[in-house]
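Database features, via TrEMBL:
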ACT_SITE  74  active site, nucleophile
ACT_SITE  76  active site, proton donor
BINDING   74, 76, 301  Mg(2+) binding site
BINDING   275  substrate binding site
């Protein structure tokens with residue numbers, strides 16, 4: 001099903017789903033998942049298990065990869081460490097291996113900091129071929145597509161997010177403001193708050209990762225959302241992007257806490273764009289309408305976001321231990337058990 005027509009606009013079918021109140025955005029639609037493989041053969045090929053999940057290693061990954069045409073890759077914790085900087089040894093070689101095998105590689109990330117062209121440059125920096133720009137699906141791009149083609153925003157968007165989000169909104173022809181540090185200093189005084197600058201044509205508040213988030217931005221976002229006609233759109237959700245341990249006793253907050261703060265004050269429910277919500281997949285299908293989910297594999301380090309995304313779309317999932325996810329997360333989410341796991345993506349390079 002196409003999300004956007006060849007002219008770049010939302011299809012009538014999707015509009016009818018939206019008007020009928022059918023699940024499209026922010027809801028995990030658990031498709032009756034049928035494994036893309038012969039169970040008896042897998043039992044022979046994959047002898048190693050943990051919590052009943054079959055392990056992928058270099059010894060069995062050749063046969064494993066033959067089952068898939070399209071590989072969906074999360075980025076942070078899969079292609080590099082969760083600090084967004086530290087390389088994972090062997091990633092360039094395994095990426096080339098997947099290319100040599102003719103696999104379609106799609107990058108699907110909830111990281112809203114960068115725009116697609118910035119992601120493209122980052123992949124090059126880490127020494128592997130990113131393919132085509134249309135194979136990169138960052139949540140900033142997906143958010144801009146949704147605002148343009150579903151909500152049909154003609155006014156301004158208040159962007160509580162990054163300059164990467166700002167760039168994607170601008171490229172989509174959407175007027176926006178708010179990225180970066182707000183020049184109006186936070187104040188507890190009503191007089192100061194009432195004198196702050198507001199526009200009267202803001203049609204949506206968008207939340208992404210924003211290191212400059214503060215009381216002023218919370219006040220402005222919540223104030224815009226007092227208008228019921230103003231849409232509340234989030235790149236991530238409260239539960240699927242709270243934070244990650246980056247060192248001993250050091251917990252880095254993600255987008256979720258920002259969304260939670262705005263939601264609490266405004267008493268509004270946001271529309272979720274990123275994984276595991278179905279909108280990201282609709283965005284991908286608009287560019288790659290012939291994708292067959294029975295031949296797709298989602299690889300990621302998040303049980304809730306990546307495995308949840310796989311289950312919502314009916315594709316197989318592989319959980320990597322090179323990022324923030326652990327088997328404790330599997331135990332905490334018994335409805336989101338991955339089909340496979342591996343130490344890192346490097347296990348797919350079976351010739352090395």
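Just so it is clear, glycine is given a Cβ too, placed from its N, Cα and C backbone atoms.
When other Cβ atoms within 10 Å of the Cβ of residue 275 (substrate binding site) are tallied across all protein chains shown, the result is 34. For residue 301 (Mg(2+) binding site), other Cβ atoms within 10 Å of its Cβ number 26.
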